[in-house]
Amino acid sequence: MSGKMKTMDGNAAAAWISYAFTEVAAIYPITPSTPMAENVDEWAAQGKKNLFGQPVRLMEMQSEAGAAGAVHGALQAGALTTTYTASQGLLLMIPNMYKIAGELLPGVFHVSARALATNSLNIFGDHQDVMAVRQTGCAMLAENNVQQVMDLSAVAHLAAIKGRIPFVNFFDGFRTSHEIQKIEVLEYEQLATLLDRPALDSFRRNALHPDHPVIRGTAQNPDIYFQEREAGNRFYQALPDIVESYMTQISALTGREYHLFNYTGAADAERVIIAMGSVCDTVQEVVDTLNAAGEKVGLLSVHLFRPFSLAHFFAQLPKTVQRIAVLDRTKEPGAQAEPLCLDVKNAFYHHDDAPLIVGGRYALGGKDVLPNDIAAVFDNLNKPLPMDGFTLGIVDDVTFTSLPPAQQTLAVSHDGITACKFWGMGSDGTVGANKSAIKIIGDKTPLYAQAYFSYDSKKSGGITVSHLRFGDRPINSPYLIHRADFISCSQQSYVERYDLLDGLKPGGTFLLNCSWSDAELEQHLPVGFKRYLARENIHFYTLNAVDIARELGLGGRFNMLMQAAFFKLAAIIDPQTAADYLKQAVEKSYGSKGAAVIEMNQRAIELGMASLHQVTIPAHWATLDEPAAQASAMMPDFIRDILQPMNRQCGDQLPVSAFVGMEDGTFPSGTAAWEKRGIALEVPVWQPEGCTQCNQCAFICPHAAIRPALLNGEEHDAAPVGLLSKPAQGAKEYHYHLAISPLDCSGCGNCVDICPARGKALKMQSLDSQRQMAPVWDYALALTPKSNPFRKTTVKGSQFETPLLEFSGACAGCGETPYARLITQLFGDRMLIANATGCSSIWGASAPSIPYTTNHRGHGPAWANSLFEDNAEFGLGMMLGGQAVRQQIADDMTAALALPVSDELSDAMRQWLAKQDEGEGTRERADRLSERLAAEKEGVPLLEQLWQNRDYFVRRSQWIFGGDGWAYDIGFGGLDHVLASGEDVNILVFDTEVYSNTGGQSSKSTPVAAIAKFAAQGKRTRKKDLGMMAMSYGNVYVAQVAMGADKDQTLRAIAEAEAWPGPSLVIAYAACINHGLKAGMRCSQREAKRAVEAGYWHLWRYHPQREAEGKTPFMLDSEEPEESFRDFLLGEVRYASLHKTTPHLADALFSRTEEDARARFAQYRRLAGEE
């Protein structure tokens, strides 16, 4: 290793280089590119200097379109400008990319390349986004791994300045952007020597200046437009040599050889793969292995994709090549081939001795590519007629594009590399601990290190698998670990759900966090699990990290215990030295959370090493027989064939045929109910003797895992053991039971916290103690549907309505889901939902687990997601589409009244026409009308037509859901337009005051003083008052609510909003894990109450109907604040951490925040006529 070595991921490497060359960064958060901008923002806040002696000026915009516009403007003003983006965000920049390229401006777009949303959304890596901008005129430079991101990102900036062409500098999303590697860092002093100062001076002089003004962006006619476009050709013709020159200089600095196209392999290769991105490292491993066995193969790795230089291409490709396979990580439906393949075929167009060239697609949406997949490509090239247009790594049994597996398993050498896998659960700290571990190994030892983290889409409580490799040589294996030396599991429930030991080498080590004794292990471990441990001579250890963490006061955060145990077992470095390093990491990671938290975690490190228990594996485990398979319960095909394999982490094995009939992205509702994840450590247990039957616990439950049930006498007598009940208050004919699903509960504890009963009618107990209650839950859900004996617009009555949102993947204690669940209880059987991309779309529709469900009649919310930026328009379009069909129905029904129909049908049609826009009673009217049409339609075309459209008889309740990032920022223009349209749509904004889905970035909803990403020193601008802006139209129903503060007001506002025959907007305060509640998310509802009592959040409603009635339309539902505003702020880490680091600044900003809140409250009082 020469030079300074540091452990970092691809995003950090790109940020490090770009910071040096950047004066202005205009950004907008989007996964997986956001950490690049976050790094830049953090360094700028710390005063870090770029090459020009200044901190970077970073500006978060309202959208990627806005970011691209700001990039364009800053470049025209003469500042070196950069942005960071991916996927749909990059596509929003396309119009400005054309402009920036056409105006020869040296901007750089760093892209962590990601899949595009087509029939579904996918946040993982491929090249669909970058291939969609190859026509813009921007140069395109690709990197294969983290080290190349460090080295070649500099080339993008340097060549942009010298060549006057903007660059798209890209690398694979997640696989490179989030992979942690130990790499050599280029120092700014080195980069400064490469900068072409005269070219930079020329750029500055060419900027827009009033001292020597010019005009740019003229409107041109056909006479000159074409010629001026062609005049720019010479810049593109010169660019490849400029890039090659800078690559030569970088190579001289680093000792790593770079060219526009890098060839590696046999000098006389006959078969060559051409590719770009992280797959090249996998291909390289295969090439080395095959050549060592005497074959003649090679790899041509593409770096400069645009402009595509034929001279440099042929200079690198061996003359001996006879067959070429081109790998594209994108899909262009209808094209003859994918882009890189077309370029390669075109390169040989005039060559009489051209090799045979085939192309294939691989790794769309982050699919893993293994060495055996690449071996299959080389096998394909050996065939007399190689398959063209193939797919890699899947089984296509529909259109038969997939390559068959390699003829024999390829044994790629990983000698000297130790591979470790860590199974964890989102929010249990496993990923964070492993990031600390890999940095300790990388930065504190001579070893090379690599880490990659795979996740599912659940917000927390989902599965995570950390893949760590370390060894005495560079590690370039960009795929998941399938042969491990060490495996750890932090969740004991996983032993029954996943094949944890798959790939663990003979003699390897397995560490399990569990509370089981050795005797209990015999009972709980599956037979196949025990057999593998015994037959493969596995070293098996357990650690009761849960109980130790609880005793230490760490709750469910036992990550440090497990990490310390890993260091002791792995023996990579001296355990005591490792413990010291871990303790230092704790101080750095948890410094903002106070001395007590630091001390608890440091003590956990000590106990993690001291409390390990080695299990003596009984000899008889090796000869255990698999028990007879039990007959599975009847289940839908989708559950058996798709959901269950995916939930076992076997989705990669599903063939294309599994999705025939789902090609448009349609998934069935209600699939989350089949998961039964059992992720809670503790779950609530009903104590009927103290229960007041208020149903508040069900009202606020984020996962709909608590539900009141009414049993008639027969059902009560037939109830299973364990079903407790008491006489129902207000419904004497029934027994009341509070059903709790232990396997669907996330264990947040909000139900216990808000229970008003003296002594609490709910108590938390361990999940294991309540598993036997699952049949009781099933029985309660299967009870006969009953008419609600209470008004459903009351807190108590609403909870006797079936929730049509259940068991989502939202965080424990989520502040968003209770609102959505409540709305489904009120209107769910006739709802259409347009959902903006964000947290609510991820917990709302992460395949295959869909929490939106149906009632006993099969009715429920129909849900769809378009994009982040267009959700309001999308929802309006839904409403207009349904409205158009219903207008046709109304016309046909009016005509049908002239037909000789029965009085019953005539009356049903008249009633429908008179009340078609009324929600109350719409289902009953629709049912009656459908019934009469079915009886009389035969032989009457008009009635037949009406009956065919019967699904539209029910008045639909159109809802538009989204977070504050959508409503306040990227989607605000569309939201404003929809509100101004006057159309009858209902909008619900989950206001978490940050971009929750991308990790807590600042939005225009973020108040002054809050620390958020892109507001590292506290936000300085006032929170936008979205409600007041909407209210200015006069005909929009607007409400601000906080369920935890006033459940009745929340319910009233939602009911009024839906009933208002025009646009309505409900802004709902939602506590979020990003707020860092010191009381924990078990108090998220209480936090909303504190926010209102302190005057931080205000409750109000604006009803246009009241003005028509001569009343004040604005109703202030909040009382005068009585609690301490400052104490409320200090109860959340997002505010308290600023006070810890810079108390004087925090005090000043806290005062501003409180003044803003008081000013808003005073204004609300005036509007309500209280002053």
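Any Cβ shown, glycine's included, is placed from N, Cα and C.
Among the candidates C650, C1072, C1083, the one that Swiss-Prot lists alongside C811, C814, C839 as binding [4Fe-4S] cluster 3 is C1072. Neighbours of the [4Fe-4S] cluster 3 site: apart from C811, C814, C839, C1072, residues of the same chain with C-beta atoms within 8 angstroms of the site's C-beta centroid are K459, S460, A810, G813, G815, E816, T817, W843, T992, S996, A1070, I1073, N1074. Non-local neighbours of the domain '4Fe-4S ferredoxin-type 1' (682-711) in the same chain are 719, 724-726, 728-729, 731, 734-742, 744-752, 754-767, 770, 780-781, 783, 786, 789, 795-796, 798-800, 803, 805-808, 810-818, 821-822, 1043-1044, 1047, 1085; each lies 6+ residues outside the stretch with a CB under 8 Å from one of its CB atoms. With respect to their backbone Cα atoms, C811 ([4Fe-4S] cluster 3 binding site) and C748 ([4Fe-4S] cluster 2 binding site) stand 9 Å from each other. With every protein chain in view, the residue among the binding-site residues C691, C755, C811 whose Cβ has the most Cβ partners within 10 Å turns out to be C811.
Across the structure, C839 ([4Fe-4S] cluster 3 binding site) and C701 ([4Fe-4S] cluster 2 binding site) place their CA atoms 17 angstrom apart. Closest to C814 ([4Fe-4S] cluster 3 binding site) by Cα-Cα distance, out of the binding-site residues C701, C745, C755, is C701. For the domain '4Fe-4S ferredoxin-type 1' (682-711), DSSP puts the residue distribution at 8 helix, 11 strand, 11 coil. A coil conformation is recorded for C755 ([4Fe-4S] cluster 1 binding site) in the three-state DSSP classification, outside any helix or strand.
Taking a C-beta cut-off of under 8 Å and a sequence gap of six or more, C701 ([4Fe-4S] cluster 2 binding site) has these contacts in its own chain: N750, C751, P818, R821.
Averaged across the domain '4Fe-4S ferredoxin-type 2' (736-767), pLDDT in this predicted model comes to 97. Spatially, by CA atoms, the binding-site residues C745, C748, C1072 include one closest to C755 ([4Fe-4S] cluster 1 binding site), and that is C748.
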